[in-house]
Amino acid sequence: MTKPYTVGHYLSERLGQIGLKDHFAVAGDFNLVLLDQLLEEGSTKQLYSCNELNCGYTAEGYARANGAAALVVTFNVGALSAINAIGSAYAESLPVIFVSGGPNTNDQGSGHILHHTIGNSNYGYQAEMFRQVTCATEVILSAENAPAQIDHAIRTALRMRKPCYIEIPCNLASAECVRPGPVGALLAETTPDKVSLDAAVKAACTFIETRKNIVILVGSRVRTLGSLEPIVALADRIGCAVTVMAAAKSFFPEGHKAFRGVYWGEVSSPGAQELVEKADGVICLAPIFNDYATVGWQSKPPASQALIADLVEVTVDGKSFAGFHLGAFIAALSEKAPSRPATVENTTYTPVKIPETAPTVPLTNDEMARQINAMIDGNTTITAETGDSWFNAVRMHLPSGARVETEMQWGSIGWSVPAALGNAIGSPDRQHLLMVGDGSFQLTAQEVAQMIRYEVPVTVFLVNNRGYVIEIKIHDGPYNYIKNWDYAGLIKAFNAEDGHGLGLHARTGAELADAIAKAKANKKGPTFIECHIATEDCTDTLVQWGKKVAKANSRPPQKN
Ligand code: DPX
C-alpha cells in the first residue's frame with residue numbers, strides 16, 4: 001500500500017515550489033509529526049536552530065537572500081519566542097512563512113487544558129497575537145480546507161512581502177490531503193490597476209517636469225523588488241542624482257555616475273544633505289521616515305517637494321494612487337519619465353576614506369572598519385547589527401554587487417547573528433561578513449553553534465567595547481555596561497568534539513590583519529574575531545546622531 005499524501009506533504013511541496021531550498025525548525029510535541037512529514041516529502045532541507053527567536057531571525061535573514069523563507073515551531077512556548085522575529089519580518093517587509101504546530105483538534109473547544117498554554121482552553125490567542133504582525137493568519141482545522149488555507153497564506157505573503165501565519169494541529173499534519181495544483185497562482189503578482197497606474201505615472205511625470213532639481217532617494221523597502229536594475233533604469237532615464245537612505249545602503253550601485261552617497265540628515269555623506277534638502281523634487285522610493293532615519297524628526301523631505309512611491313501606493317502633489325506594486329510603477333515611470341540631468345552634472349561624489357592606524361598600536365574602531373571594508377568585494381554580504389556597526393557599515397565604500405543588510409526599522413539587538421547565518425545559508429556562494437557589538441551578541445550568541453554545525457563560513461567581527469555604546473551616546477547610565485565575556489573563547493565550547501570554528505582575538509591592527517587572513521583560509525565554519533575597542537572609541541556620526549535622537553526622545557509631553 002502506498003503511503004497517503006498528507007497536509008504536511010502539501011505544505012512541504014509548496015515550500016519547494018516557491019523556491020525554498022531549506023526551512024528552519026525547533027522541535028516540540030505540537031510539531032513533531034509535521035516535521036516528520038516535511039522530512040518525508042523532502043522538497044526542502046530541514047535545518048535546526050538553538051531556540052525559536054533565533055529560528056525566526058535565521059528565516060528572516062534567509063528571506064533577505066532568497067526572497068522568502070519558512071520556519072516551523074511548536075505552540076505557544078516556541079511561537080511566542082519567535083514573534084519578535086516575525087515582527088522584524090513585518091517591519092522589514094520580508095515574506096517569512098511562519099508555521100506553528102497546534103493543539104489536537106479533539107481538544108479544541110473541549111474545555112481540556114493543555115500544557116504549553118496559559119492554562120485556559122481557548123487556544124485562539126496565539127493566532128490573534130500573530131494577526132498583528134502577519135498579513136494572513138490561517139488556523140487549519142480540517143484537512144479538506146488545508147490546501148486553500150496554506151495557499152492563501154503563502155500567496156498573500158509573497159504578494160505583500162510580509163510574513164504569514166499557518167497553524168497546523170498536531171493530529172492534522174499527517175491527515176490525508178489532495179496534492180497541490182500548479183504553483184503559478186502563488187507566485188504571480190496581482191494584475192495592476194492600469195487606470196490608476198497610468199494616472200500615477202502621469203502625475204509623477206508632471207512632478208518631474210515642474211521641478212528644476214530632482215533627486216532620487218532610495219529607501220530600504222526597494223529590497224522587495226529583488227533587484228537593483230529597475231532603480232538604475234529609472235535613474236538613467238531621468239538622469240538625476242541618486243542618494244540612498246542609511247537603511248538602504250547598497251541598494252544603488254556606488255560606482256554609478258549618479259550616486260551621491262547616503263542621505264541621513266546631519267550625518268549624511270559629504271554633500272548629500274545639501275543635495276536632497278536643496279532639491280525642489282525628491283523621488284522617494286519605498287522610504288521609511290522613522291525617527292532614526294530623520295535624525296530625530298529633523299530631516300524629512302517636505303510633502304510639497306516629495307514624491308513618495310511606497311510598496312502599494314504612490315503619493316504625489318497631494319494625490320494618492322494605489323492598485324499596483326512599486327515594481328510596476330518604477331517600470332512604467334522608467335519608460336515615460338522626462339529627463340532632468342542637471343543634478344548629476346552639478347555635483348560629484350567622493351567616498352570618504354576611513355583613516356588608517358599604525359598596525360602595532362591598540363586596535364581602533366577606524367582601523368577595524370577600514371580592514372573590514374578592504375575585505376568587501378562585489379560578492380560580499382555584510383550584515384550589520386544595531387549599534388555602531390550600523391554607522392561603520394554606512395560609511396564603507398562598496399564595490400558594485402556588495403550588499404549590506406541591516407534591520408533599521410525593527411532594530412532588535414541579537415538579530416544579526418542568526419540573520420547572518422540564514423543569509424549565508426540562502427546565498428552560500430557569497431562571502432559573508434558580520435559586524436556585531438558585544439551587547440547584541442549576548443542575546444543570540446548560541447547561534448554561532450549552528451554556523452559551526454552546518455559549516456557556514458561567516459566571518460564574525462565581534463566588537464568588544466564593554467557596553468551598549470550607542471545607548472551610552474543617546475542616554476547614559478549604569479544599565480549600559482555589561483558583563484564581559486571571553487567571546488572568542490566561546491568557539492572552543494561550541495566546537496566541542498567535531499566543530500571547525502575559529503575563535504581569535506584582535507588587539508592591534510596587525511592582529512586583526514592576521515585574523516582576517518586566517519578567516520579567509522577557514523572554509524569549514526565561522527571565524528570569530530573578537531575586536532578589542534575602547535568604550536569611548538566609536539564613529540563620529542554615531543555621536544552626532546545620538547545627540548539628536550536623544551533630544552527627540554526627551555521632548556516633554558505637550559500641554560493641551
Ligand atoms: C540597545 C543597544 O554592544 O553595540 O555598538 O556598543 O552600541 P554598540 P552593542 O551590541 O550594544 C547594543 C545596544 C541595548 N538597544 O547599544 S542598540 C535597546 C534594545 C534593542 N533591542 C532589544 N532590547 C533592547 N534595540 C531586543
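Here the Cβ of each residue, glycine as well, is placed from N, Cα and C on the backbone.
Please treat TrEMBL annotations as automatic predictions, because they have not gone through curation.
Copied over from TrEMBL, here are the features:
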- 6-115: domain 'Thiamine pyrophosphate enzyme N-terminal TPP-binding' (DOMAIN)
- 201-319: domain 'Thiamine pyrophosphate enzyme central' (DOMAIN)
- 403-531: domain 'Thiamine pyrophosphate enzyme TPP-binding' (DOMAIN)
- Asp438, Asn465, Gly467: Mg(2+) binding site (BINDING)
Using a 10 Å cut-off, grab the number of neighbouring Cβ atoms around the Cβ of Asn465 (Mg(2+) binding site), all chains included.
22
Suppose we draw a 10 Å sphere around the Cβ of Gly467 (Mg(2+) binding site). How many other Cβ atoms does it contain, all chains included?
18
In sequence order, which same-chain residues at least six apart have a C-beta under 8 angstroms from Asp438 (Mg(2+) binding site)?
Leu462, Val463, Asn464, Asn465, Arg466, Gly467, Ile482, Asn484, Trp485, Tyr487
Write out how many residues of the domain 'Thiamine pyrophosphate enzyme TPP-binding' (403-531) are helix, how many strand and how many coil, based on DSSP.
55 helix, 27 strand, 47 coil
Can you give me the residues near the recorded Mg(2+) site, meaning same chain, not Asp438, Asn465, Gly467 themselves, Cβ no more than 8 Å from the center of the site's Cβ atoms?
Gly437, Gly439, Val463, Asn464, Arg466, Tyr468, Val469, Ile482, Ile533, Thr535
